[in-house]
Amino acid sequence: LQSADGSMGSLSDLKRWALPPFHQKQPWTFTNLWILAAPIPLLLLQVRLLMRADPRKTLLLRAGLIPIIALLAVRAGFSHYVTFFGPGQMEGGGQHMNLTFGIFGVFLCLLSLRWGLTTSRPRFKVHSPASTPKSSGNGATPPTKANGVLRPEPLPALFPGTWTPLEIDYFVNIRNIGWENGPKNADPALPLREYTAEERKAWLRPILNECVSSFVLLDALFAAIKDVRFNPTAVSYRGGSIWESQQGVFGIFNPWILCFTYAFGIFVQIQLSFGLAACVAVGLLGDRPSRWHSLPFSAPWRATSVQQLWSERWHQIFRPTFIEVAYIPILRIISPVLGKRVGQAAGVLASFTLSGLMHDLGQSAMTPEQGWSLTHTTTFFALQGVACVAERLFEQVSHRRVQGWLGWIWAMGFLTWTAPLLIDEWNKRGMLAAHDFTIGFTAPLVKIFFDVLS
């Protein structure tokens, strides 16, 4: 970070170090992959200070780590690029990985804000009878009083029933399963449930079956997306607008079918990744099935409202962070002034807008044109928040819930209208044409399918 004359570099030098100009970026190699992990030790330090000491006393120290973590996280997400097929980012076929790393960098910044500014220590999710719980040293019971001062119960070194250090679990377990801020229908961390060998097999069997079907389906979906008769922009790794696909086999409906095909591919890809990880953890490493709860998605195509889609059926990977960084702060600011309902609506809008900003900033380094300007990616996510607030308003006015077949038509229709905002931005950055890690064994069948349609 020093200039040519030996003096300390300026802020612009620091920015260039973390975020080099697009055409000066270098590809990721095995020698520089450590950059991706550089922010993690400091994030774990934030978590440890949050868990092992009074959060109010460590607030300044945790907050002081935020700018350092943010600098390292931006460098992890944006300083290099992935390429599979040749020199240069635009023609390398790795844009889906570049987006993933970009979102990863922004998400680490959000985690740092979440753990750096909170004054509440994480607590286990506990299933207990209505009677007053006894102290068990698990951090989930009420505070104890010592010398007239309330002190919280100490948290254990390891997550209950595992060999995983608590700080690492809280970082890696991003859905926060087993914690109070995790999924509402997830199993509690305590009391521990013991699983027999037969119960483990029964739990693994449907997961394995879904992994096999997802593997086949994912291969077919991406084989279709790579067929130029369905996606004419697939001729180049640079991609193009989805509206160019109106010359495809489905005519004027082709852009929307392409959108849902790719969205379904994202669903299958994440579902398969979590399924394989669950099989390894539970089947080979002896982890508890309750630690994996269920796979991230729950038939999103069956959603009977936009709110149900995003709060129950789509993956909840980022939900705890969005709630703590956006929803709760906005709720606390707005509610005393304009009332709880307005505060809740503002919190929902803030959460979806933050999601849009995270995805938008994550894609910002994929092309030289965007820079740090916002696109329709943010618009897409913000509109989902508007729809959720509108549904709540409808329920308050009409005293009827958005549900049933009419709710399904509304939810699917709204997604059909808004999906091109997001998918078009990604396709113009080469996402749909990127290398996808599939084998392509279904490509002959997909080719026959499009031969028939053509």
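For all residues, glycine too, the Cβ spot is worked out from N, Cα and C.
Curation does not apply to TrEMBL; its annotations are automatic.
Proximity of distant same-chain residues to the transmembrane segment (28-47), defined by a Cβ-Cβ separation under 8 Å and at least 6 residues beyond the stretch ends, is recorded for 62, 65, 68-69, 72-73, 75-76, 79-82, 101, 104, 108, 111-112, 115-116, 167-168, 170-171. As annotated by TrEMBL, transmembrane segment applies to 28-47 (among others).
Residues annotated as transmembrane segment in TrEMBL: 59-78 (among others).
Feature annotation from TrEMBL assigns transmembrane segment to 98-117 (among others). Tertiary neighbourhood of the transmembrane segment (98-117): same-chain residues 36, 39, 42-43, 46-47, 50, 59, 62-63, 65-66, 69-70, 73-78, 81-82, 89, 171, 318, 321, 324-325, 354, 357-359, 361-366, 426, 429, 431, selected by CB-CB distance under 8 Å and a gap of 6+ residues from either end.
The region 'Disordered' annotation in TrEMBL covers 125-151.
Positions annotated as compositional bias 'Polar residues' by TrEMBL: 129-141.
Annotated domain 'Wax synthase' per TrEMBL: 297-382, in sequence order.
Secondary structure of the domain 'Wax synthase' (297-382), assigned with DSSP and counted as helix (H, G, I), strand (E, B) and coil, comes to 62 helix, 0 strand, 24 coil.
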